[in-house]
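These features come from Swiss-Prot:
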{"type": "BINDING", "residues": "G169, D170, R171, G172, T173, G174, K175, T176", "note": "ATP binding site"}
{"type": "SITE", "residues": "S363", "note": "site 'Required for activity'"}
Amino acid sequence: MKIKTDEITSVLKQEILNYKKDLGVDEVGTVLEIGDGIARVYGLKNVMSGEMVEFQNGIFGQAFNLEDNSVGVVVYGDYLAIQEGFTVKRTSRILEVPVGPELLGRVVNPLGEPLDGKGPINAKLTRPVESPAPGIAMRQPVGEPMQTGIKAIDAMIPIGRGQRELIIGDRGTGKTSIALDTIINQKGTGVICVYVAIGQKASTVASTVEMLRNKGALEYTIVVSATAAEPAPLQYIAPYSGCSMAEYFMYNEKKATLVVYDDLSKQAVAYRQMSLLLRRPPGREAYPGDVFYLHSRLLERAAKLDDKYGAGSLTALPIIETQEGEVSAYIPTNVISITDGQIYLQSNLFASGNRPAVDVGISVSRVGSAAQIKAMKQVAGKMKLELAQFRDLEAFAQLGTELDPATQAQLDRGNRIVQMLKQPVSSPFPVEEQVVEIFAVTRGFMDKIPVPKVQQYGKFLLTRIKEQHSEVLEAIRKEKKISDEEKLGEVLSAIAEEFLRKH
């Protein structure tokens, strides 16, 4: 067999031409110990705090503690797959998540990876998970309502676009329901919603997603889920991820956004676990010293941007779970002091059938009537005061003393307001319907209706008005005020008489 030298030389020449010196220089370290989502790594002398690092099996972590001889790394993924002796290399990047309209209608984990089995998310952009909050010059005062569709809240504890309103109460008092009703009520308003579930049961998240889908709310919502089965680092990072996803719509698309953090108590517990495993010194209730900053840097990212920056907004509804109504515990007081008001839900009100179980006495909105349309200001101004007086009188009336007619009338009016404010779950009311009902009860057009029939009458009233006087609702919707109170009064009197004749 003859060797063709010219062929061999041509192949060799081609190989020499194509030869590239590919020398990658990575700064690497070695895993000393791993457990509970925390790795101690030797080496990585130049790693920066908060920098992402990559383990040899492709799992990512973040450098948290920089010590003399080692680096404390939190692992974002399955830490059981990492072994002692694995190499770890720097990436020179910070943690970023995919953002953009591709995420709408999807369920993702805090790293932006899909959990709903609908295939990959081909997002074109990413955003850092930790972004600086907008400064004073970038903001404008909150003045546009964020309607929740819940009568008790829209009338007495109004929420504005760009506000941070805490929902606080014991477990099982309907905190999540209020937040989800608010998301459902944004249908058709162009508001983008992000629901962040932290440390919840996977079954609960699944039923929440199903409910949003059935109500047609999933198409404008992103669900970020870090269930109780996920490692603590993922639960800790979840709210920041959700916030970054919403910030894209606020800054880039100039839209109004709503983010629900459900709930921040579990995030604080996850952060406490991480901090103790990293051997950071514990403080009150064993939380680390920077647990206030944990929540303040998250909630300060909510804002109503100035017109120069596109006038987008990010409204935050953080949820905190209390133990036995203890609002003065460490985390609740921290978050109360950061937010612009709180909606306090009481278990005894919930148990007695007053749902939503909002305690109007200690719930406040520090934005106040700036976040209400004029029609709501016209009718709801007196209601909070009347309800507070009713609660005082109610305690007094239980003593069984004889009451003068004026006090009795006030008690009856209060009872009617309480009945009118009751509302079934996931059935938010448009603001014009709320205005009509509240006008009817506060101006005395329900005084002849027996208290047990007030809710039934409320349904009857709205049905009649939609059928026969839809122009009344249309006028309130367009003008945002009640222009003809006399006419509305006549309509309500006629409907009340018709109801009393029939029932």
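The first residue you see is number 1, and the count goes up from there.
The backbone N, Cα and C atoms fix where each Cβ goes, glycine too.
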So of R171, K175, which of the binding-site residues has the fewest other Cβ atoms within 10 Å around its own Cβ?
R171
Should K175 (ATP binding site) be counted as helix, strand, or coil on the basis of DSSP?
helix
On a count of neighbouring CB atoms within 10 A, which of the recorded positions T176, S363 is highest?
S363
Assigned conformation of D170 (ATP binding site) - DSSP reduced to three states:
coil
Around the Cβ of T173 (ATP binding site), the count of other Cβ atoms that are within 10 Å:
27
Just checking, which of G172, G174 (binding-site residues) has the fewest C-beta atoms within 10 Å of its C-beta?
G172
If you count the C-beta atoms lying within 10 Å of each candidate's C-beta, which of the binding-site residues G169, D170 ends up with the smallest number?
D170
Quick one: Cα separation, S363 (site 'Required for activity') versus G169 (ATP binding site), in Å?
11
